[in-house]
Amino acid sequence: MVAPDWQNIPNASDHLKWYQNKGTIKLNFFLSVIFVGMFLNGYDGSLISGLQSSDYWNEDLNYPEGARLGLLNAIGYISGFLVGPVITYIDEQWGRRWGIRFYGVTILVGAVIGCIAGASGASGNAGYGLFLAGRFIIGLGLTSFLMTSLAVVQEITHPRTREVIAASWNSYYILGNVIAAWVVFGCSYITSSWNWRIPYMIQVPIALYLLIAVQFVPETPRFLMDKGRVDECFDFLVEYHGNGNRQDPLVLFEFEEMKEAIAMEKEAKAQKWSIILKDRSNRHRLGLTLLMTFLTNLSGNSIIYFYYTIVFDSVGITDATTQTGINAGLAFFTWFCQLGAVWTGKYIGRRKIILWVWAFLLFSLVGLCASSGVYYKTENGNTSAGIATVALVWIYLGFFNFACPILYSCTSASTQGCSHANPW
């Protein structure tokens, strides 16, 4: 079937105010649940780097450094790697919501265990062990959510707004970074272990809300179609994309297009891993996924995100309040960069953004290494080099979040391939 210009196909949303379109209002609530989960993901992702500035956190965990500190940051990735194939299976067999439910549970359990660290009878190495166990559990859920949430956003969003909303997905992660950075900064004035426990405990009520709210989010129409639940798929499109009109032209087009696409994928057995090595199109998609995974994770961003406290220490910025304050400002800056990319990508495309931005990432990372080296080699420190290091941290993370390379993998994958691609 040759697709017409679907953007010009009539739809109920074309002539209704947003408050008159009940389907859109409900759909936006469903999307807000996913974005709350992404916000929580970003909040948690920024905590460890911020807590490293806390003397009380370091004392309660027996001053983790070197390999012990590295393990705290890496353990979530290790657990996520282990659970990835299991979540993929659950995601495809029983629905996308189970991955989000699992995420909420792991945040709840992991955050509670982490908060116990350093309490009476659980300090020192015992505190470190408890906190590490909590991070392991949270890592299981973070991977589950990342694998599931972008697929849900892509599959339930109205086609008129899908491009912008999907592109804004990662901005809620950055917003979580922003709030976490400012909470850690505000709590840095507390002169007890509560200056790190309060930021960590804030995850609990958010996870509880997510667990409750996700029960109201329906399964995605593409999942329903894939499982042969055709009537339910059509009802979803009618209610949320057509405002209840079963003859809406855009809804009818979406339904037929979805039916044909999934039928073709099933015919080619696209849901099986083995087809990736047999089908040229899927090999190309796999190559893109591997390339973006490699570039994203080895581009240097993890060094800055997880160890910015050590970076600042190396250029003479050692005060905890100053470090957390700089990080709070940096979080705001990267959020604005991400929002800018949402609108820019709509007009020039994600591929061009990624190609151009990578050059800036290279130059800024080289400059950061050089400036911090100059400071280290100069007796009593070189103030200009220290300032340059901080500025280059901002420049690097600004460009990285503008590119947001993680979106490229899922948007280039097929329907079933989306849940296969995301674990990478």
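Glycine is treated like the rest: Cβ placed from N, Cα and C.
Residues or ranges marked as transmembrane segment in TrEMBL: 27-51 (among others).
Summarising the annotation, TrEMBL assigns domain 'Major facilitator superfamily (MFS) profile' to 30-424.
Summarising the annotation, TrEMBL assigns transmembrane segment to 71-90 (among others).
The transmembrane segment annotation in TrEMBL covers 102-122 (among others).
The transmembrane segment annotation in TrEMBL covers 128-152 (among others). If you look at the transmembrane segment (128-152), the same-chain residues 6 or more away from its ends with a CB under 8 A from one of its CBs are 34, 37-38, 41, 44-45, 48, 61-62, 64, 68, 71-72, 75-84, 87-88, 91, 96-97, 99-100, 102-107, 109-114, 116-118, 122, 166, 169, 217, 220, 407, 410, 418-419, 422-423.
As annotated by TrEMBL, transmembrane segment applies to 172-192 (among others).
For the transmembrane segment (198-217), the residues of the chain that approach it from at least six positions outside its boundaries are 29-30, 33-34, 36-37, 39-40, 43-44, 47, 50-51, 97, 100-101, 103-105, 107-108, 111-112, 114-115, 152, 180, 183-184, 187, 190, judged by C-beta separation under 8 angstroms. If you look up TrEMBL, you'll see 198-217 (among others) marked as transmembrane segment.
Sequence annotations record features per position, and here TrEMBL assigns transmembrane segment to 286-308 (among others).
Summarising the annotation, TrEMBL assigns transmembrane segment to 328-348 (among others).
Marked as transmembrane segment by TrEMBL: 355-375 (among others). Distant neighbours of the transmembrane segment (355-375): 295, 299-300, 304, 311, 314-316, 381-382, 385-386, 388-389, 392-393, 395-396, 399-400, 402-403; these residues of the same chain sit at least 6 beyond its ends, with a Cβ under 8 Å from one of its Cβ atoms.
The annotation transmembrane segment is assigned in TrEMBL to 387-408 (among others).
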Problem set entry | Same-chain residue ranges lying at least 6 outside the transmembrane segment (27-51) that approach it to Cβ under 8 Å | 57, 72-73, 100, 103-104, 107, 135, 138, 142, 145-146, 149, 152-153, 156-158, 165, 169-170, 172-177, 179-181, 184-185, 196, 199-200, 202-203, 206-207, 209-210, 213-214, 216-218, 240-241, 305-309, 324, 327, 331
For this session: Report the mean pLDDT of the predicted model across the domain 'Major facilitator superfamily (MFS) profile' (30-424), rounded to a whole number.
Result: 83
